Amino acid sequence: MSTNATPKEIGAIDFGLMNPEEYRDMSATKIITADTYDDDGYPIDMGLMDPRLGVIDPGLECKTCGQHSGSCNGHFGHIELAAPVIHVGFTKLIRRLLRGTCRECSRLLLDEHERDEFAERLQRARDLDDDVNDVTKAAIRQARKADRCPYCGEEQYDVQHEKPTTYYEVQDVLAAEYPQLIAEAMQPDEEEDRPATSPQELADATDIELSRINDILGGEFRPREESREAIERALDVDLSEEDLNKLMPSDIRDWFEAIPDEDVEVLGINAERSRPEWMILTVLPVPPVTARPSITLDNGQRSEDDLTHKLVDIIRINQRFMENREAGAPQLIIEDLWELLQYHVTTFMDNEISGTPPARHRSGRPLKTLSQRLKGKEGRFRGSLSGKRVNFSARTVISPDPTLSLNEVGVPERVAREMTQTMNVNEQNIEEARQYVRNGSEAHPGANRVIRPDGKVMKILDQAKEELAERIEPGWQVQRHLSDGDIVIFNRQPSLHRMSIMAHEVVVMPYKTFRLNTTVCPPYNADFDGDEMNMHALQNEEARAEARVLMRVQEQILSPRFGENIIGAIQDHVSGTYLLTHDDPEMGGLPRFNETQALDLLRATGVDTLPDDDGTDEQGRPYWTGRTIFSELLPSALDLEFTSSTGDRVAIDDGALVEGTIDEDAVGAFGGEIVDTIVKQYSETRARVFINEVASLAMRAIMHFGFSIGIDDESISDAAEAQIDESMENAYERVQELIDTYENDDLESLPGRTVDETLEMKIMQTLGKARDSAGDIADEHFDDDNPAVIMAESGARGSMLNLTQMAACVGQQAVRGERINRGYEDRTLSHFKPGDLSAEAHGFVEDSYRSGLTPREFFFHAMGGREGLVDTAVRTSKSGYLQRRLINALSELETQYDGTVRDTSDNIVQFEFGEDNTSPVKVSSSDDNEIDVDEIADRVLAAEFEDEGEEFAGAQATNLSESADDRMDRDRPSSPIDVPEVGDD
Amino acid sequence: MVEVSQHTLVPEHRLVDDDEIDALLAEYDISRTDLPKIKRTDPALPDEAATGDVVRIERDSRTTDRAVVHRLVIE
Ligand SMILES: [Mg+2]
Ligand SMILES: [Zn+2]
Ligand SMILES: [Zn+2]
C-alpha cells in the first residue's frame with residue numbers, strides 16, 4: 001500500500017447490471033480501430049493500446065490521469081457495438097424473462113392478484129433468509145402457464161433456448177390441409193393393419209361433440225391446442241408443425257425495455273440498478289491496458305495479451321458489420337456477421353462454453369479470456385486472493401529433536417538469515433541494534449536492511465556495515481535476522497484443525513531441516529518420513545503478542561475436539577515410563593536405581609536434587625525406585641486416582657506415585673489423565689514442563705533398560721506351535737461339519753438370514769474364534785518383558801492383534817466384509833473345485849507373518865490389503881471435501897458478547913455457545929476427577945502470597961534448551977538478549 | 001399413528017406468548033426473523049402452532065441441566 005493511501009472500510013457491496021450509459025461515462029476513449037501500434041512502435045490513438053487507457057511502460061505518463069506506471073491503475077475504454085449482442089453471463093435470466101413476460105406489451109404474465117402474492121412471498125423469503133430464487137422461479141413457472149396475456153390479451157408462445165445465446169419463439173401452426181390429413185388418418189389402412197375410424201368413434205375417444213368433429217373435418221373450425229392433441233392421440237398421428245421464429249438480440253432488447261419496473265421487482269430484480277435490457281449489450285467496455293499488458297519478447301517483437309487478441313476480433317467484425325449494413329448487404333450476410341459478433345463477444349467473456357468451439361490462438365491453444373482468469377484453482381479467487389503467496393515464510397523437511405522444548409522449533413541458520421524481524425531502534429536497544437548491523441547480513445545473528453526515519457531502505461553490505469552501524473540513531477528501523485526466542489508460526493498441511501497451526505519459539509540451528517520435539521507430532525499429524533512444514537515469521541508486535549498468548553504450543557495442549565490433551569508422551573516415551581514404573585514380580589518388582597543411575601535419569605529435567613531414598617540394597621547403598629523418580633516430575637500437591645484401560649489402578653497422593661504403572665492412559669497424547677489434570681488444575685506452563693520432562697525422563701529410562709525388537713521376539717515354542725496347529729485343526733473340522741450340515745440341507749437359518757448367509761456367518765465366526773484362540777495361545781507363551789508385549793500393553797505402539805498376526809495366525813481375509821468370493825466361476829482360484837466352501841478356498845490365512853504365507857494365502861492377503869488401501873485413499877479425499885464444506889459453512893459463525901452464536905447477518909445459531917456456554921477444554925474429562933475450582937483458587941492465592949513453597953512453574957526457564965544452555969541463569973529473571981559478536985570469516 | 005411429541009427423546013416444544021417473545025427479542029436485540037427456524041410441518045410442534053409463532057424448546061443437557069432454544073415457526 002502506498003504511504004498516502006487511507007484505509008477505507010467497505011460498508012456494502014451491490015451487485016447489479018451496468019447501465020450502458022455508465023460504460024460510456026467512465027470510458028477514457030472510444031475504441032474504433034483494431035490496430036495497436038504504428039510502424040514506429042507508438043500506440044495508435046483510439047486503438048486498443050491508446051495511451052489514455054493507462055500506462056505499462058515505465059517512464060511514460062498516463063494521458064488520462066497524468067500518473068506514471070505503477071500509480072495509474074489504468075482506465076476503461078469502450079466499443080460501440082454495431083448491433084446489440086447477448087451477454088453470455090445472463091442467458092438463463094434472459095430466458096426466464098422471455099418466458100414470463102408478454103410478447104406484445106412486455107408485462108409479467110401474472111394478474112395483479114398473483115403478482116402481489118409473489119411480491120409478498122419474495123419479501124418474506126428475504127426476511128427469512130430463504131432462497132429468493134425459489135420464489136422467482138415459482139413466479140416464472142406460474143407466468144408461463146398463461147396462454148394469453150392478462151393485460152393485452154395477446155396469445156403467448158413458448159420460448160426455446162438454444163445454447164448459448166440463441167432464442168426462438170415456438171409457434172404451433174396448423175398445416176393448411178389439416179382437415180384432409182385427419183380424414184386420411186381416419187381411413188382404414190391395410191398395410192399398417194389399421195381399422196377405419198368413424199366420426200362418432202373419434203368423438204367418443206376425444207370427448208369432443210360430434211358436430212364439432214364434423215366442423216373440424218369440414219374445415220370450418222380450427223381446433224384449439226387441447227382438442228387437437230386429443231384428436232391426434234386418438235388417431236395416433238402427429239399433424240402439428242412447429243414454426244421457430246428466431247428472436248434477434250435487438251428484438252429482445254426492445255421487448256425488455258418495455259417491461260415495467262414493478263414487474264421486474266417481482267422477479268427479484270432491482271429495476272433501479274439493473275434494467276433487464278442492460279443484459280443485451282450495446283456498448284462493450286474495453287479493459288485498461290494494465291489488465292492486458294503486452295510483453296516484449298527477446299527478439300524485440302511484441303506479444304499481445306489474449307484479451308487484446310479477442311478485442312481485435314470484436315472490433316474487426318464490428319467494422320465489417322457496419323460497412324456491410326451501410327452498403328445494404330443482404331439480410332443473410334448481416335445475420336451471419338451478427339452471429340460472428342455474438343460469438344466473439346461471448347468468447348471474450350467466457351471461452352469455455354459448452355457447445356461453442358473455443359476461440360483459439362494461432363498456435364491452437366485456446367485463449368484465456370475473462371472468465372478463465374477468474375475461474376478454478378489457479379483463478380483470481382482461489383489462486384490469487386484466497387491462495388495468495390506470502391513473504392516471510394519458509395518451508396523445509398522436518399526432523400525430530402528431543403532436546404527441544406515442545407514450545408520450540410529448530411530453524412536452520414540459512415532460514416534465519418533470510419527471515420527478518422523489524423527492530424524499532426530506541427535509546428535502550430541502540431547498542432544491540434548496532435551490533436546486529438555490525439555483524440552484517442552474512443553472519444548470524446545479523447541484519448539485512450536498515451530503514452531511515454524518512455522511509456529510505458538501505459541494504460547492509462559487507463563493506464559498509466561498520467559505518468552504517470555508527471549512523472544508526474533512535475527512530476531508525478533495523479531488519480535483524482530471526483534469532484533465538486523469536487516467535488514464529490509453524491504449520492503442517494492439511495490444516496484440518498486449530499492445532500495444525502501453532503506458534504513456536506525459535507532456536508536457530510545448523511543444518512537444513514526444521515527440528516521439532518516429538519511430542520508435537522500428534523497435533524500436526526507429522527512424522528519424519530519426508531514431511532515438510534511451513535514457517536511464518538511475524539511482522540508486527542500485535543501479531544507476535546497474539547501468537548504468544550493464543551497460539552503457542554502450550555496453549556494448545558488441550559484439544560477443543562474432545563476436551564482432553566492432544567499433546568503428551570508418544571511411542572518410546574510411553575514404553576519408557578512403563579518400564580520405569582511397572583511393578584512386575586517376575587521381573588524383580590519395581591526397578592531400582594542407585595544414585596548415579598537416578599541422577600542420570602533426571603539429568604535432562606529441571607530436577608537437580610534427589611529425593612529421600614527408598615531404602616538400601618544388600619551392600620547398604622541407597623536406591624530409588626522408578627516410581628519415586630517419576631514422582632519428582634509431578635506437581636508436589638497433586639492428588640489423582642484413576643483406572644487405566646488395562647484395569648490397573650493408578651494412585652497419586654500428594655505428588656507421589658504410590659500405585660500403578662504409568663502408561664498411555666496416564667501421560668499419553670489423546671487424553672493422558674495426568675497431563676489433562678495438570679493443564680486443567682495447574683497451568684499450561686506447568687503441563688508443558690511436565691510433558692517435556694516426562695519425555696526426557698522416558699528417553700533416559702528406555703535407554704537405561706535397552707529396548708529393541710527383532711524377528712525372534714515374535715517366535716513361539718514348538719509346543720505352542722503344536723497347540724495352535726491343533727486348535728486350527730479343530731476349527732477346520734468344525735467348518736467342515738457346518739458345510740456338511742449345509743449340504744445335507746440340515747442347516748437352520750438364523751432369523752432374517754438365508755441359509756447361505758447363515759453358513760457364511762457361522763464359518764466366519766468359527767474361523768474368527770480360531771484366530772483368537774491361536775492368539776491366546778501365543779499370548780500365553782510370550783513373557784511380560786517381550787518388547788512387542790510391552791508396547792501393546794503400555795499403548796506405545798501396536799496391539800495384541802498385531803502380535804497374534806505376527807506370531808500365530810493372520811486370520812480370515814475379507815473383501816467388502818465377506819470371505820473372499822471373487823475370481824473364477826464358482827471358485828476363488830483355479831486350484832479349487834467349483835463350489836468349494838472350505839476355509840482355505842475363501843481366504844483364511846492360517847499361517848503367521850513370521851512363519852510366512854503360502855502363495856495362495858499371499859494372494860488372498862493382497863486382495864484384502866488392496867481394499868484397505870483403496871478405502872483409505874477414498875476416505876481421505878471424501879472426508880477432505882466434507883471437511884472443506886463444513887468449515888466453509890461454519891467459518892463465519894462467531895460467539896458474541898451476549899453469549900449467542902450468530903452468523904454474519906446476525907441470525908442466531910445458538911442462544912448459548914454449544915447450548916451450555918461451556919468450552920470443551922475447560923470441562924473435567926472424567927466424573928472421578930472433577931475440577932475443584934476452590935482448591936485451584938486457594939493454591940493460586942497461596943502461591944501469590946508465599947515467598948517460599950513450591951516454585952511457580954512460570955518462573956522456570958521457558959524452554960529446555962535454555963535451561964541446558966549456560967546463557968540461561970535460573971536465578972536471574974529473563975535478561976535483555978545479548979547479541980554475540982560474530983567474526984567476519 | 002405415533003405421537004412423536006410424546007417420545008422421551010423429543011424435548012418439550014411450547015408456544016410462547018407475545019409478551020415473552022417481546023422480552024426475548026429485546027434481550028437479544030433481534031427481530032423475529034433472526035431466530036433459528038422450525039418448519040410448520042415438524043411433527044414435534046404442538047398442533048396449534050402456526051407460521052410466525054415462536055416455540056420454546058427445552059432440552060436436557062449433559063453439561064447444563066437444560067438448554068433452552070427459541071425457534072420461529074415457518075411454512
Ligand atoms: Mg509422513
Ligand atoms: Zn491513468
Ligand atoms: Zn400483453
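From the backbone N, Cα and C atoms, a Cβ is placed for every residue, glycine too.
TrEMBL labels come from automatic prediction, so no person has curated them.
As given in TrEMBL:
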BINDING   A:CYS62, A:CYS65, A:CYS72, A:HIS75  Zn(2+) 1 binding site
BINDING   A:CYS102, A:CYS105, A:CYS149, A:CYS152  Zn(2+) 2 binding site
BINDING   A:ASP527, A:ASP529, A:ASP531  Mg(2+) binding site
COMPBIAS  A:964-973  compositional bias 'Basic and acidic residues'
DOMAIN    A:277-581  domain 'RNA polymerase N-terminal'
REGION    A:947-985  region 'Disordered'
Those binding-site residues listed as A:CYS102, A:CYS105, A:CYS152, and which of them has the most Cβ atoms within 10 Å of its own Cβ: A:CYS102
Cβ neighbour count within 10 Å of A:CYS65 (Zn(2+) 1 binding site): 16
Residue among binding-site residues A:CYS62, A:CYS65, A:HIS75, A:CYS102 with Cα closest to the Cα of A:ASP531 (Mg(2+) binding site): A:HIS75
Cα proximity to A:CYS152 (Zn(2+) 2 binding site), best match among binding-site residues A:CYS65, A:HIS75, A:ASP527, A:ASP529: A:HIS75
Annotated binding-site residues A:CYS65, A:CYS149, A:CYS152, A:ASP527, A:ASP529, filtered by Cβ under 6 Å to ligand 2: A:CYS65
Rounded inter-Cα distance in Å - A:ASP527 (Mg(2+) binding site), A:CYS62 (Zn(2+) 1 binding site): 55
Cα separation, A:HIS75 (Zn(2+) 1 binding site) to A:ASP529 (Mg(2+) binding site) (Å, whole number): 53
Listed binding-site residues with Cβ under 6 Å from ligand 3, out of A:CYS65, A:CYS72, A:HIS75, A:ASP527: none
Binding-site residues whose CB lies under 6 angstroms from ligand 1, from A:CYS72, A:HIS75, A:CYS149, A:ASP529, A:ASP531: A:ASP529, A:ASP531
Cα-to-Cα gap, A:CYS62 (Zn(2+) 1 binding site) vs A:CYS149 (Zn(2+) 2 binding site), nearest whole Å: 55
8 Å Cβ shell about A:ASP527, A:ASP529, A:ASP531 centroid, Mg(2+) site members excluded: A:ILE398, A:ALA526, A:PHE528, A:GLY530
Between A:CYS65 (Zn(2+) 1 binding site) and A:CYS102 (Zn(2+) 2 binding site), the C-alpha gap once rounded to whole angstrom: 47
Inter-residue Cα distance where the pair is A:CYS105 (Zn(2+) 2 binding site) and A:HIS75 (Zn(2+) 1 binding site), in Å: 40
Listed binding-site residues (A:CYS62, A:CYS149), ranked by Cβ neighbours within 10 Å, top entry: A:CYS62
Surrounding CB atoms that lie within 10 Å of the CB of A:ASP531 (Mg(2+) binding site), all protein chains: 16
Mean of the pLDDT scores, which run from 0 to 100, over the domain 'RNA polymerase N-terminal' (A:277-581): 90
Euclidean distance between Cα atoms of A:CYS72 (Zn(2+) 1 binding site) and A:CYS102 (Zn(2+) 2 binding site), Å: 48
